[in-house]
Amino acid sequence: MKENLVLVRHGQSLWNLENRFTGWTDVDLTDIGKEEARLAGQQMLAEKFTFDYVFTSVLKRAIRTLWIILDEMDLMWLPVERAWQLNERHYGALQGLNKAETAAKYGNEQVHIWRRSYATPPPALSLDDPRHPRFDPRYAKVDPALLPATESLKMTLERVMPYWNEKIVPRLKAGEKILIVAHGNSLRALVKYLDQISDEDITELNIPTGIPLAYQLDDQLKVVSRRYLADEEAVKAAAEAVARQGLAKKE
Ligand SMILES: O=C(O)[C@@H](CO)OP(=O)(O)O
């Protein structure tokens, strides 16, 4: 394998299925999501991918996807680092709401801005909202000032990038092959950086669930090649399906 970095968005989650804004809500995979993870693992095995080190978030839809992939690849022994910095973008007060119903209420355009604009965050959770991450024991050791009540993609990128630079870059520079299993928007942040996508163009990028995206990076970590391990049509259809989730249902 010439690629040294593979990014995988977790398989379908319960709230993907119910079409709800998820963010930092810790929902599990559906059976389809587990199957997507199995296929991702089998695909990488078939193409003789292997890894030295693995990163994921602290949310179970990503962790379980990773477990299934490593199981399929017979790589369960690999070291894994879980980091809140790789979590999904925090969706603020939208978390739990149905995307199509929200679009019916506020308009497709407003929902597209909340979902895909670079710098506009959704409405924030109040500090005393029980869903605020400061009440969740998994973030007990994180500086409370860093815990978001909402995030734009820009804010997500601002917490993903320091982690990338500090924890992932040194391993890539040392020649390790890295797998990252994370989320639609934390991966959009990383892909924006790697592929140097502009603030405008990133609004049109949708990452499909469960399809490995493999990068070959050079010594300077510049992109030599990138490809999804699926045919182009399948990737396009899956990305368009993600984009459509934010549209109001036609009467
Ligand atoms: O709800 C979310 O957290 C994300 C990923 O499922 O959704 P979206 O594609 O709308 O950014």
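Even glycines carry a Cβ here, placed using N, Cα and C.
Taken verbatim from TrEMBL:
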type: BINDING; residues: 9-16, 22-23, Arg61, 88-91, Lys99, 115-116, 184-185; note: substrate binding site
type: ACT_SITE; residues: His10; note: active site, tele-phosphohistidine intermediate
type: ACT_SITE; residues: Glu88; note: active site, proton donor/acceptor
type: SITE; residues: His183; note: site 'Transition state stabilizer'
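Annotated features taken from TrEMBL, shown on the structure.
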residue: Arg9; record: substrate binding site; contacts (Cβ under 8 Å, 6+ apart): Val181, Ala182, His183, Gly184, Leu187, Ile207, Pro208, Thr209, Gly210, Ile211
residue: His10; record: active site, tele-phosphohistidine intermediate; contacts (Cβ under 8 Å, 6+ apart): Leu29, Gly33, Ala37, Arg61, Ala62, Arg64, Thr65, Val181, Ala182, His183, Thr209, Gly210
residue: Gln12; record: substrate binding site; contacts (Cβ under 8 Å, 6+ apart): Leu29, Thr30, Ile32, Gly33, Glu36, Thr209, Gly210
residue: Trp15; record: substrate binding site; contacts (Cβ under 8 Å, 6+ apart): Phe21, Thr22, Thr25, Val27
residue: Gly23; record: substrate binding site; contacts (Cβ under 8 Å, 6+ apart): Glu88, Arg89, His90, Tyr91, Gly92, Leu94, Gln95
residue: Lys99; record: substrate binding site; contacts (Cβ under 8 Å, 6+ apart): Asn19, Arg20, Phe21, Val111, Arg115, Gln245, Gly246
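For ligand 1, the recorded positions lying close by, meaning a CB under 6 A from one of its atoms, are Gly23, Glu88, Gly184; the full candidate list was His10, Gln12, Gly23, Glu88, Gly184. According to DSSP, Gly23 (substrate binding site) sits in a coil region rather than a helix or strand. There are 19 other CB atoms within 10 A of the CB of Gly184 (substrate binding site), with all protein chains counted. In the structure as shown, the Cβ atom of Glu88 (active site, proton donor/acceptor) sits within 10 Å of 26 other Cβ atoms.
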